[in-house]
């Protein structure tokens, strides 16, 4: 326990702003000092400090950024948008995102900043009084983060880290050393889901301290702890891999499986302590570490703290400063039970001047660990600046570091190795530095691909023509379909690569290798090739790629391709960005730089960094007529790193260098192909270092970034100079002392117009003894620039036509080749350059070169001055040590070695290569070397530039003499000299089998592997044995394998046929009406599905439903057909908590239905059962133990709201009892129900008058929400998004719902606004005279409905507020209820009279156009005619009795109507007037005829139609009003008699609400007005009929009293009811209606409706004109869906929707 307390106190010292004592001081000194925020003794924050803190918070946060282009490229790869639409794109995908932070730094930082007394008394008590040692350890929780409206606008999530977050996520503030909580985890899945489907910029996640710690002293430490917590952002997006019922042959179909993950983190890791070699342990002893050849970058000294404070008074002032954070002070503390404590600084910069750093540590002789201070740069491994050995003194020591100026940002890390458990380390937080601070940098984003078999690979291994996944899902068609041309094997197509038209040979995609390349480039497949076998073809042939998208910013993008061809030709790859055009074309690669070009296929990998615009690539082949030249390119790829990875704010860098292997852990998933020097157990015997130009071309050398990228995944680690004479020179540190073999290759000279061959550079090899840590300087020569091909059209024409030099004197200033640069290997000792090995560069070729190849020249005497070559019009080559030459001359190495300029800027950009190459004119430029080559003085086009001279130091031993043979850029190869003393020749080389001795020519290695013998002395080899037995074995094995495969295939086919037959029989059995689906039993449902859903935070399942025994339920009469089956009125007894008997409405599910119908039926029961509100229809119980299944609902005698509003409209002859207060009360009831749903986070999605029910029609009525048909499918997926081809109520939906499929509680707000419009228009259809398509365009363009007639202004304002375009601008239902209450209290609102209806009665509004037998024939709207009798001999008696007539369409005088069979008996009587259909020829134009004598008012704005209750040909009922109770018809004998009497006495009626058409409304209006006498008679009849109806309703309903059971029958009714005790009910209808096949007021195109059974039609009277009402031949809109997507899908399980409110999305 004492050790724990001591450990805590010492750690507290690392966090507190003041530390005045060591661990051995008294307890008085252990009290903490006040922070800088409370120096003045008050808790009030200074406004200036707060303002400063807010500014600094921007620089102290950790910043994660996910580029928006990543979202685009991922969607392009998977061939589907990332919008959560699961139905349109063959399945969903899963998303996961979380943020991890280490808990220990956060816990210790926050605990150290709490109240000092509490911290001293309770060790680690939190601010809330938590005692971690005495109470049970809290359980850490995963924190869920959401998006605010501000975050949605900025695509930025700000995570404020504070005390409460750490307590919750880490389980308290105490660190349990035995089992610490490692990570604080935050779930960002919802944020990622939103961002993937949204638009806008990148997703940004920023970590910063919470606002209440804005005191500068506290905020600094919080920010430091956040940085030290090593935050990491994990993202994973994967396909759900759901099986598809159909197999698509479309190649552009999205891949079935894909799984990507990313991790965003700072790649810097903190190293372990190496074995220290420092011996500076004495007090006040100064030590300097200055390796040979290094500029002193740092120095450090170790002094006592007392002496330092006594001398430096500024540090004392810093200690007492009250400014909190200052430039020059930092502290970041992190600790782990596994790795020990360490501190980390922010990013610093010392760009212009050196800076210093003071670190205070506590030393004790008993410490076995060591303090180590590291210098960390992003592009380099951590460098140990100092390491303390076992100290011999006790006390505080100040370590002072002096850092040289550095161009790149860096950090300082100090760590302490902790061998023992009781080891402690103490740091004084008073670090001081004058280095400039930098803000935190963005982190990198690295991607991984998860194979189907579970293996993970890097993104770079995806789509690279190399199968790395076990099942091969990392390659294939989805890679080829990603970006055209980026993944091409030139097999089936050219992938968009097009040849550039020109003379000479052309690039072509060949199905097989050309004849000229078959011997050297064997290939079984197709490829892109060029062949110049026909004589006389010469010039340049280009092939160009498609235009590629630019990669992500700072992406590690690579281009890879395989190439094979002739060694005497030239193939190059160029890149052109769209913004620069052909003038900015850059060369990426040239085949002349590749060794062994003509010896098989070679894989070329090139970096593509820094691209910010669209670009294309171009292969260019230079063809001469001297010999046949052929090239082939295959398997071209752009790495997926280009589009799925980014390096953050930094350009791509080389991987961790070999020396850093001491500090970082190895990754088993990274495959290496070379053995890196510097790791544990590594040996230099087999290591080879290859240095090249890093991709640089021309007269200037490479940059550090180029070399970092070029040496990626290699064992080469160099530093590249950026200033002065060392610019472009590579510096390499010798790993150990031994003899090395150095091979230097000079660069070749450039080609001229007529000379197609380069002047070769010189290569030579020497052995040198090098010392460990010695710095070797390497300048790799670059080839001189070629005159051809040329980007200038005029010059390029000269190149193609091979013109001579005398055509134009102004163009003679050029055409020669630039001189090649020499390759230099040298050392710098005490500022003096010492050459070791110099390989000369080749001279440039003259315009029409006729020079002979010169011999190699080498210098060995260092006393010979290394002068520049002589320059004429063309420049001479640069030497070793000379003065500055003319501009066209190459510069000597001492001055930088840059190449010379061309003689004149006439478009001949033939500069000398880096390494002293001379610039060309008509004559060639001189080559670089120890002594530069001279150029011809009179610019003779026939003269080449001279080669430079080579050199080897006397300290070296020549191994290979100079030889001209390099036809490209230079190169340097360094490898350790092998110990070949055991070989007779003294020479050997290493192979995979070990060391192999060399032998001279005509000698052969003896069998002993050591000596060399004459090849003629070798004994004859014994004859090889016959291979007949091997061939026989192979043939037998092959035959057996083929036979096994045939048997296996046959077995599979037989099993498949058997299974197919069984499936067919099962399907036939399932389709049989006598089949009882056993899966629909309750036990099977629970086993297969067991649906569990969440309602308002509560989990619900089928077990929660109240089961009512079937014997307690009796059905009395039918109410109609619902969404699943018949709906009945019944009685239920024995239900706990309910009256007995109780009137209920029973919804049934037929026995023969699908599993999905069963699940939908249970879903609706679950939804309704979990709601308990006075304005929502109550579920009494269910009966699932027997078939058919029942749902028992409370009986609503008032019917649906829409029908009630239509029936009670005030009319001129019949005033209504409704008032404005009644309408407001109905609206308030529905709003209360919606508020309840909103509070329980439930989305109804279909708030409309047809889905609301009334308890009664008289006063005291209560409105309730009664249909949840559209709400039940929101629980089948994880997203509140309606997708696929579903029927949607467009006129009740906001724009985001029908455009994007997004449903929220604000969707119901919009629908409630439309419901208000329905209520105050008294049941009219919204958006009058507009079709669904017109409504889509109208609402999307900002249009809204006008207020209904006599609608009060405050009510219309509620509507308009509910119709706001932005969902967040719409009010919630609490606000809507308040506004409705205000309206009820406003006299100006409640006293507004209702509008008077002048149209027809509701029964006549419900007429529906019936479809004829011919689908192309127009539908007829049929209405009754009571007063006008049409004479006909074919009328039936029933037709005459009912007094009905038919309004016929006068389309043609020759049209004849076929007879219709008489009406069939129906088990239920309906209130609808019988209608008939008649086919009408569709070829004739529709015409309209108005009858002025009929009179009446035609409301063209609100024309409606409803289907009849009959069944159509496909067994789909054509009239369904409300799916909760079905069709509301009441078998009231008095009302039927009244209707019959009305038909006999009423006059002709014209429908008041017509039919909306698809695309546009075609209505036929009758003439307005009747004769006055006929009108008065009609009014009187209607008034009498209305009075009779009022009396009957009052007698039947009274004042809306509670529902009571009907009078008992004469026989006594038993308490336990049974269906047998009541009158028989036609229950056969439960089997007649198949589950789910319910029509919704429409028919599919081409499926005519069943003709209605009615009286036979009479022939038209000659000359008689009849009123007509026509619709289009294609059918009304309610008889077919509006097609938004191609194809028509009618879902039989969708909820019923009335009128024209359905569309297919």
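Positions of Cβ are set from backbone N, Cα and C atoms, glycine also.
These figures come from a predicted structure and were not determined experimentally.
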From 906-942, 943-979, 980-1016, the residue range that Swiss-Prot assigns the feature region 'EGF-like':
980-1016
Using Swiss-Prot as the reference, determine which range in 31-53, 54-76, 77-99 is annotated region 'Heparin-binding region'.
54-76
Which one of 1106, 1147 goes with 1119, 1120, 1121, 1122, 1123, 1124, 1125, 1126, 1127 at the ATP site, as Swiss-Prot has it?
1147
As a test of the contact definition, list every same-chain residue at least 6 positions from residue 1014 (N-linked glycosylation site) whose Cβ is closer than 8 Å to its Cβ.
1002, 1003, 1004
Of all the glycosylation sites given, namely 635, 881, 979, which is spatially nearest to residue 1123 (ATP binding site) at the Cα level?
635
Compare the C-alpha of residue 458 (N-linked glycosylation site) with the C-alpha of each of the recorded positions 635, 881, 1125, and give the closest one.
635
Considering all pairs of residues in 1119, 1120, 1121, 1122, 1123, 1124, 1125, 1126, 1127, 1147, annotated in the record as contacting ATP, what is the maximal C-alpha distance expressed in whole angstrom?
14
List, in sequence order, the same-chain residues at least six positions removed whose CB sits under 8 Å from that of residue 635 (N-linked glycosylation site)?
465, 488, 489, 560, 561, 562
Which of these recorded positions is closest to residue 590 (N-linked glycosylation site) if you go by CA atoms: 717, 881, 979, 1119, 1121?
717
Please determine which of the recorded positions listed here (590, 979, 1119, 1125) has the lowest count of neighbouring CB atoms within 10 Å.
979
Compared by Cα position, which of the recorded positions 578, 717, 881, 1119, 1127 is the closest one to residue 979 (N-linked glycosylation site)?
717
Count the Cβ atoms, other than its own, that fall within 10 Å of the Cβ of residue 1121 (ATP binding site), considering every protein chain shown.
26
Near residue 1119 (ATP binding site), which glycosylation sites out of 484, 578, 717, 881 have their CA within 10 Å?
none
So if I measure Cβ to Cβ from residue 881 (N-linked glycosylation site) and keep only same-chain residues at least 6 apart in sequence, which ones fall under 8 Å?
833, 865, 866, 892, 893, 894
Please report the number of other Cβ atoms within 10 Å of the Cβ of residue 484 (N-linked glycosylation site).
16
Let me spell it out: for each of the glycosylation sites (458, 578, 717), count the other Cβ atoms within 10 Å of that residue's Cβ, using every protein chain shown. Which one has the most?
717
If you average pLDDT over the topological domain 'Cytoplasmic' (1057-1705), what do you get?
62
